[in-house]
Amino acid sequence: DYFYSLLDLPNQCSPDPCHKEGTVKCEDLKGDFYCECKRGWQGKTCEKDIDECQVQNGGCNQLCLNKLGSYRCSCYNGYALKDSKMCEDIDECTESADICGEAHCKNSLSSYECLCDAGYMFDEVRKTCQDVNECEEKLCEQTCVNSPGSYTCHCDGRGGVKLSQDMNTCENIIPCVPFAVGKSIKSLYLGRMFSGTPVIRLRFKRKQLTRLVAEFDFRTFDPEGILFFAGGHQDSTWVVLALRKGRLELQLKYNGIGRVTSSGPLINHGMWQTISVEELERSLIIKVNRDAVMKIAVSGDLFTLDKGLYQLNLTVGGIPFKTKDLILPVNPRLDGCMRAWNWLNGEDTTIQETIKMNEKMQCFAVAGRGSFYPGRGFAVFNLTYVQPSSGNETKTSWEIEVNAAIQPATDTGVLFALVTGEASVPLSLSLVDYHSTKKLKQQFVIVALENTVVSRLAINLCDKREHSVDILLKKDQLSLKVDGIAGENELSKPELEDSLSILESALQSVVKTYVGGLPDVPVTSTPVTAPYHGCMTVKLSNKALDLDEALYKHSDITSHSCPPIEAGQ
């Protein structure tokens with residue numbers, strides 16, 4: 001009965017007690033049932049989901065996502081499933097080649113970066129590299145010029161500063177070679193006034209007729225200039241003692257009739273010598289080191305009677321009228337030195353006192369050949385470099401050949417430059433102490449066309465030696481040599497030809513030649529704006545440039561004398 005009663009029991013799997021989603025099948029156990037669960041389900045009725053992620057993260061490498069009855073592995077951003085469990089980095093740069101536009105794509109774990117060259121910034125919207133304007137970041141102490149991907153700082157050389165080591169701030173230009181610029185208080189410098197006006201004017205008044213006696217020690221390397229004038233006004237009676245081609249020249253005017261006499265040894269050898277001029281009854285005698293070199297017969301007196309007094313004007317280092325009114329015009333500027341002077345046997349304490357008070361009236365205690373540039377000012381000339389075209393040539397030919405013998409006191413300064421009326425600098429030859437593109441401190445001699453360095457040569461500018469610097473420029477040629485070694489050209493041939501054509505067109509208009517410094521040009525118009533400091537002699541097309549012939553020269557630049565380098569330094 002029992003058996004039959006079991007058989008009669010209703011099917012326990014109907015209706016199905018098992019959770020449908022989690023069950024494979026239901027088994028009727030006659031009075032009970034068994035739910036066979038699918039993988040990932042458990043419980044009497046297979047109603048419970050197994051969280052596989054609880055055990056060893058489901059074997060997933062990164063993320064385990066539990067699902068009803070199952071699970072799946074997933075990856076963080078920037079990773080993809082390699083198989084069902086392992087994740088690997090996605091290389092976005094190869095997946096989508098254009099992801100960074102014009103920038104460089106750099107893959108990294110789970111991500112990527114768009115990189116631009118230094119000085120550029122990535123624009124995410126345009127996918128381009130935009131130039132960073134570093135000048136807005138106020139990195140430069142003085143003037144900043146932005147350029148694609150970079151920038152340069154400039155310091156006002158005319159204000160005595162140059163770029164310092166960090167290439168952003170400015171520092172003072174300080175001499176690295178000391179010159180013995182000490183002056184002698186017992187000396188009188190004749191070259192102080194570039195205008196050629198006298199450095200001293202005296203007026204003698206005597207009750208009885210007096211004759212001129214003048215004696216002084218004198219030293220110069222200058223071949224031409226005026227030592228002194230003595231006499232009355234321009235149309236009466238006077239004498240002028242001058243130098244021409246290194247020898248003494250006497251110009252005299254007696255009763256309206258002029259004469260010029262020149263003789264004697266070369267005296268512009270830079271050594272001290274005694275010179276005297278003596279007025280006798282009927283003649284003038286000129287002596288060098290007590291030897292008579294000229295004796296001139298005259299009729300008349302240099303002292304003129306005026307209002308009952310005999311009067312004489314005496315001017316030193318210039319004349320009291322225009323030099324074109326001399327019998328033979330002469331360049332009055334004389335870089336010479338006088339000492340132990342004696343005018344009319346008189347004791348002169350006032351001149352001595354004035355000189356003692358004014359250093360600019362004194363000479364260097366020791367002087368050699370050359371011109372000395374004190375790191376202030378410049379000399380400017382009106383010169384032409386264009387040869388007139390011969391007949392059928394349409395283009396004019398031009399050539400610039402400069403030789404400078406330099407002994408620098410500082411490592412920064414302009415030796416030679418051409419400047420246009422618009423204040424551009426089509427050509428410059430300078431000393432500088434850094435490499436502008438590599439931004440490294442190193443001393444160079446450079447040639448620049450406008451603001452571009454076209455040739456440079458590394459050199460020790462502070463070695464106390466004299467260096468010879470040569471440049472030659474023609475239509476399609478540019479060369480720089482320092483001590484015979486050729487400079488390195490920075491431009492390709494086409495670039496150089498472009499730059500030289502700019503120079504050529506500047507030469508067709510008005511250019512002025514500057515030596516030892518620049519006028520007020522923009523600090524960015526040329527690499528160096530500082531004045532040169534040191535000794536220098538310049539030749540143009542093999543002819544010495546005489547600073548006394550300049551249109552203008554700063555009075556502190558000495559045209560024909562240079563102090564030595566300090567001993568024992």
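The backbone N, Cα and C atoms fix where each Cβ goes, glycine too.
As annotated by TrEMBL, disulfide bond applies to Cys18-Cys35 (among others). In the structure as shown, the Cβ atom of Cys35 (disulfide bond) sits within 10 Å of 23 other Cβ atoms.
Within its own chain, Cys37 (disulfide bond) has Gly22, Thr23, Val24, Gly43, Cys46 as residues 6 or more apart in sequence whose C-beta sits under 8 angstroms from its own. The feature disulfide bond is assigned by TrEMBL to Cys37-Cys46 (among others).
If you take the C-beta of Cys562 (disulfide bond) and look for same-chain residues 6 or more apart in sequence within under 8 angstroms, you find Phe179, Ala367, Gly368, Arg369, Gly370, Ser371, Phe372, Gln407, Cys535. As annotated by TrEMBL, disulfide bond applies to Cys535-Cys562 (among others).
The annotation domain 'EGF-like' is assigned in TrEMBL to 9-47 (among others). For the domain 'EGF-like' (9-47), the list of distant contacts is 68-71: same-chain residues at least six beyond its ends, Cβ to Cβ under 8 Å.
Nonlocal intrachain contacts for the domain 'EGF-like' (89-130), taken as residues 6+ away from its ends with a CB within less than 8 angstroms of a stretch CB, comprise 76-80, 148-151. The domain 'EGF-like' annotation in TrEMBL covers 89-130 (among others).
Per TrEMBL, the feature domain 'Laminin G' maps to 191-363 (among others).
For the domain 'Laminin G' (375-562), the model gives a mean pLDDT of 92. If you look up TrEMBL, you'll see 375-562 (among others) marked as domain 'Laminin G'.
Cβ neighbour count for Cys46 (disulfide bond) (all protein chains, 10 Å cutoff from its Cβ): 22. Applying DSSP to the domain 'EGF-like' (9-47) sorts its residues as follows: 3 helix, 13 strand, 23 coil.
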